[in-house]
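Structure first, commentary second.
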Amino acid sequence: MIPKLFSFQDWSGSLIIASLAGAFGSSFLYGYNLSVVNAPTVYIKRFYNESWDRRYGHVIDGGTLTLLWSITVSIFSIGGLVGAIITTPIVKFFGRKHTLLINNVFAVVAALLMALCQLAGSFEMLLLGRIVMGIHAGVSLSALPIYLSEISPKEIRGSLGQVTAIFICIGVFTAQVLGLPEIFGNEFRWPYLFGVIVVPSLIQVGILPFLPESPHYLLLEKNDKSGAEKAFRTFLGKDDVSHELEESDAQRNVKLESVLQLLRNPSVRWQIITVIITMACYQLCGLNAIWYYTNSIFSEAGITHQLIPYVTLSTSTVEILSAVSSGLAVERLGRRPLLIGGFGLMVIFFAILTVSLTLQNHAYWLPYLSIFCILAVIASFCIGPGGIPFVLTGEFFQQSQKPAAFVIAGTVNWLSNFSVGLLFPFIQAGLQTFCFLVFAVVCLAGATYLFFVLPETKNKTINEISQAFAKRNKVTLEGREMSQFSSETKPSEEQEHNFSSTLENGETKNSIF
């Protein structure tokens, strides 16, 4: 089992290049922009005050400055929501690969706006740049998973998905390194932190055009069978791709469900509720607050201003290691224990963090305990809640329902992200050291819900997962085809494919689909 985890026999050279180039210009930039505003916080606020003073003859009052900074941080999520919503028509019209390429226009425009804001004396340019960069992130986190899932063999789709998560972590780490005072994290060079955004975009633009479009898109949307066959051969690294062509072509007549149709479908009611709660907890559990406001949190923990940038590097290092470990463990331990256990551990460490921050002046070692708790919270998040919510969204729904399901998940994701970025400074100011108890309550509620509702989905088909939810959804799984799965023996891939096709074509009279 362990050797297979490290086997690269299914990874062709083109597939590796596509995954790295795609992730570097997409999910890497998402992670980078989550963290990039953290290091220059003091200098950006000073720039806001100087700009305001030049225009109106006085500096901004404390409350307005806090609100303006909160908007700067959280408005990235509003752009992300817009990007997530517009992705579906863009990928359908332009294709998966070309959507990623076109998306780089948003990144370059955002980089120029934010990098030149100080020179122009306009903080509005920084705000606008954050919105545009958010649109890039929203498109990236939707289009990239679609592209990678459609060019990879089914045996490594989970591992390929983890490449996206790992590059998010690497993006956060890179922003922290470049934000060190010796590099760009100082009063004179902080705009360069935003200017370097163009580098990953240009690298992606230089590589992706030489790689094929998604074979699924070429076959089903463009009716280009020869192009699809060539793309399959390139990405899979083999000559005989007839089976892949047949599998892809079988989805030609599947009718997609709209978001409204999915919300009205009683057979997936609890799946939708579970996705909404899991995705909300993913954002509201407090980790984004740590990403956005790491410096101020470490300052509250008693770490000196000079040491904070270097201590901050430890957070993303732990994050990367935990993400890699989760990718190796999720198929062995299952989704349920990692997800519930991750939220449960976060409750414990948030509680300890609250105590250590409250009593930090009573013992010299308490600030170090606070740092440990922050690292432990990050590790607990990454081993389960950090990636599994997206996996569950893909596993809960059949093919015709997945686009609408991801729109719902993305909407909840970005709205929750916006709420944390906007409200956390006020929560921190009002509750002070007790602010993390709010996140502990969210994690506890999420873990409790998942303990009672979430079935294990590891190695289960969509039909078996639907059966697990059937009683709660108050639907009965009947019909001749369903009896094929009633025994304890797992069906063959051919049986499962035929059964799923029957369901999607609406031929099962009383099925939940």
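Each position is counted from 1, following the chain as shown.
Any Cβ shown, glycine's included, is placed from N, Cα and C.
What TrEMBL records for this protein:
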{"type": "TRANSMEM", "residues": "12-32", "note": "transmembrane segment"}
{"type": "DOMAIN", "residues": "19-458", "note": "domain 'Major facilitator superfamily (MFS) profile'"}
{"type": "TRANSMEM", "residues": "67-88", "note": "transmembrane segment"}
{"type": "TRANSMEM", "residues": "100-121", "note": "transmembrane segment"}
{"type": "TRANSMEM", "residues": "127-148", "note": "transmembrane segment"}
{"type": "TRANSMEM", "residues": "160-178", "note": "transmembrane segment"}
{"type": "TRANSMEM", "residues": "190-211", "note": "transmembrane segment"}
{"type": "TRANSMEM", "residues": "272-293", "note": "transmembrane segment"}
{"type": "TRANSMEM", "residues": "337-359", "note": "transmembrane segment"}
{"type": "TRANSMEM", "residues": "365-392", "note": "transmembrane segment"}
{"type": "TRANSMEM", "residues": "404-424", "note": "transmembrane segment"}
{"type": "TRANSMEM", "residues": "430-454", "note": "transmembrane segment"}
{"type": "REGION", "residues": "482-513", "note": "region 'Disordered'"}
{"type": "COMPBIAS", "residues": "498-513", "note": "compositional bias 'Polar residues'"}
Contact between the transmembrane segment (430-454) and the transmembrane segment (337-359) (at least 3 Cβ pairs under 8 Å, separation 6+): yes
Contact call for the transmembrane segment (127-148) against the transmembrane segment (67-88), three or more Cβ pairs under 8 Å: yes
Distal contacts, the transmembrane segment (67-88) - CB-CB under 8 A, six or more residues away: 33-34, 37, 41, 44-45, 48, 60, 99, 106, 123, 126-127, 130-143, 292, 403, 407, 410-411, 413-415, 417-426
Cβ-based contact of the transmembrane segment (12-32) with the transmembrane segment (404-424), 3 or more pairs under 8 Å: no
Candidates 100-121, 160-178, 337-359, 404-424; stretch with most C-beta pairs under 8 Å toward the transmembrane segment (190-211): 100-121
Tertiary contacts of the transmembrane segment (404-424), as residues 6+ beyond its ends and Cβ separation under 8 Å: 70-71, 73-78, 80-81, 84-85, 88, 138, 141-142, 256-259, 261-263, 272, 275-276, 279-280, 282-284, 286, 288-289, 292-293, 389-390, 393, 396-397, 435
